[in-house]
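Worksheet: the structure to be examined is printed underneath.
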């Protein structure tokens, strides 16, 4: 999540930024065995996701080159292209950043990169989530209002552009709230400890709570609700049509490519929603738990914490497998 520090932690660290506090070896975070395993798994998933998403983009590029030059990408393939780009962006920013930060424990890259990388991290998390919403909305409209979608060829491009724009805007506060803190002991004989955090950026604790809730809602709750509603509308519409005319069911079993394609994209959309839910739920459950109960860190084992957070990195690995299986 964007920031998950408790009010007590925020107040204590703010008072320590401009003063020296005693640092002991046991008071600072270190790279544990479970942390090393997390780093190893993170970079392994980074390689997998990079290979999978890049391969799909190359396959899509080869497909377009075989077509007539005047022919544009189909609506669905255009959506998949941007989802792949969003997943690749998340892979190239979030995974290496998480892996390297777990290795170094503290932040060595300075104030500017602290802000810029914090912005890019959240931007690259918003983009795939919003692209999933765009695909769900597009597929829902294609089934429930096919004539309106067919007559408005720019709708898909508009939703794609809006998804990228909102991702860049919603990640904007990261440039302000993140900054460096430096802790040093009284003697000045140690190099101290530096970290890229959000401490002292919120005037009141509830401002921080509101921002956390906003990012949580935009990254997970709202996209999940939209995907569930869109898939429910698709299933309801198809069920109603087939109930009114059972003979239309034969279209899905015929050699006609149009019904088969619609059924395939429906299955793909459901698979996307399932992957999104399975991969991100453990991550956000752990984040929300810590948000309301910071002491849970002392009750939940370190390996369990790392295991839950690694679930989120599976999503950009699964997505190219899903649309590679269903689309090409």
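Just so it is clear, glycine is given a Cβ too, placed from its N, Cα and C backbone atoms.
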Listed residues 18, 53, with the one flagged N-linked glycosylation site by Swiss-Prot: 18
From 193-212, 213-232, the residue range that Swiss-Prot assigns the feature transmembrane segment: 213-232
Membrane side match, residue 33 / residue 305, Swiss-Prot record: yes
Feature N-linked glycosylation site, as given in Swiss-Prot - residue among 62, 102: 102
Contact between the transmembrane segment (116-137) and the transmembrane segment (39-58) (3 or more Cβ pairs under 8 Å, separation 6+): no
Under 8 Å by Cβ from residue 102 (N-linked glycosylation site), same chain, sequence gap 6 or more: 31, 35, 38, 39, 42
Intrachain neighbours beyond the topological domain 'Extracellular' (301-306), with Cβ under 8 angstroms and 6 or more residues off its ends: 32, 34-35, 37-38, 286
Assigned conformation of residue 102 (N-linked glycosylation site) - DSSP reduced to three states: helix
Cβ neighbours of residue 114 (disulfide bond) where a neighbour is any other Cβ within 10 Å: 21
DSSP three-state assignment (helix, strand or coil) for residue 114 (disulfide bond): helix
